[in-house]
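All remarks here apply to the structure that follows.
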Amino acid sequence: MPKASASSAKMTASTSNVSSSNSKLKKSKASSPSASPEVSTPSTSNSNDDQDGHVSEDMSDAEEGESQEHSASGSGISDHDDDDDPSADKDSPAADEEQDEKKVATIADDGKKVEFSDLGVIPQIVEACTNMGFKHPTPIQVKAIPEALQARDVIGLAQTGSGKTAAFTIPILQALWDNPKPFFACVLAPTRELAYQISQQVEALGSTIGVRSATIVGGMDMMSQSIALSKRPHVIVATPGRLQDHLENTKGFSLRGLQYLVMDEADRLLDMDFGPIIDKLLQSIPRERRTMLFSATMTTKVAKLQRASLKNPVRVEVDTKYTTVSTLKQHYMFMPFAHKDTYLVHLANEQAGHSIIVFTRTVHDSQRLSILLRLLGFPAIPLHGQLSQQARLGALNKFKTGGRSILVATDVASRGLDIPAVDLVVNYDIPTNSKDYIHRVGRTARAGRSGRSVTLVTQYDVELLQRIEAVIGLKMTEFPGGNDKEAVMLLSERVAEAHRAAVRELKDKGVGSAGGSGKRKRKMDGKYGDDMDRDDDQVQAGLPVSGNGRHQNQNRKKGRR
């Protein structure tokens, strides 16, 4: 936990720059209302070092060069220091402010191609959209942005990959341009990876107006995050548990002047039992604010949260049927359970040079298959909850930049993450929940692009496959080349040898368990031991914590276990 005096001193010192920044804003707007200020490009890290397939090097390689603070300082926006505004109401919306569903407007689809400028977006942000390759707004953006620009609360329902992030980010940035303040907006996300991704989009979309953002998530150093908050960013992107920690323990930090609150992936936020923490957060921010809630589904919990936190919202919907996109080709490969690894290697060999995500059910299989593939010459890297936060970000960065073409991941990567060019999604373990399947395959065929998915089906998985087909409303086809048993079995001896080597490696390092439960057998040594899968956010969400996790988080309040 950061020391209060150090954090307070930093925050006090940072306020001295506010008055000088105000004059810059006036000059910038007076010179040309439509001219774009200097572009401030957010920094990115790139890791290119090689790995040799060993567990310790897999994880340490992934940890390279990732930092938790994202800030893009520019000349476009300066801050009005209104944190101590006495008019800010700290009370949360009363529970009796229920919204009659008949009064919630639903906007119909029109399918019309429009430009961002047609939606009322200012030239500075249109320029940023162009720089990011956004040619036209997506349907959810067409519907949500004009309503949000009119300072209305918004409920957005859209499937994964529909462009929800820009739909709430653009109106916030435009309001910030008109009325720049520190701690102007806060975005809540259910996972750390999604929080970092949102922060990157905020900085990219705000690069032409000099937006500063901070990412506040569990698994990272509290002191460093306190320093980031002392710089008074315009936008905070956070996971609920760690944000609540800072509100309670970081001296000088508050959200009394907050203007915008966004809850992204709200259904998942509530599925992870963050509801009590969100209730506390709502009591720490002004009632007079704009609130946006985005979700893939309108569950009972989401509807309850809507009534408690939004005022007279407009409801915008796009493709609310829970299904896969039409540009996705979905296949299966049928095989004996005993030769599952061999079929996976055969598939990876057939798809060499393509970007592939392999989804597993357990941490053990994620790590084992990553090592197995590396031993056979495939550039694979793992992503799972037992990696440190820096390692998880590093793994994503390597996969996004092409340093590794195969990402072997648990469901930590199945939702919310926008990886631009994923050619193929492989379900090594078929998910038991149809929604999990939809989110997994949603990592490809995004934003109108085409993509493929292949589900590995053994004699034990036929019923699960049929259940998924019933939900998505189509029959999967057999993957071309998947029935060439002779070609597959030629690889069996080498795959079996690589499997034995991978299991020995895992046993030596104590990662996962031979039974595939995915839980740690003992404290991981080296850089593995610095992270706990069940840290701040999971603890506050009421999820179980290992003994090691409690021991390594001595700074956490005892009541949050």
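Backbone N, Cα and C atoms are what each Cβ position is placed from, and that goes for glycine too.
Feature motif 'DEAD box', per Swiss-Prot, maps to range 264-267 of the set 264-267, 324-327, 452-455.
Taking Swiss-Prot as the reference, the stretch among 114-142, 143-171, 201-229, 375-403 described by the feature motif 'Q motif' is residues 114-142. Ranking the binding-site residues Gln159, Thr165 by other CB atoms within 10 A of the CB puts Gln159 at the bottom. DSSP assigns Ala158 (ATP binding site) to a strand in the three-state reduction. Helix, strand and coil residue tallies for the motif 'DEAD box' (264-267), in that order: 2 helix, 0 strand, 2 coil [DSSP]. The domain 'Helicase ATP-binding' (145-316) scores a mean pLDDT of 93 in the predicted structure.
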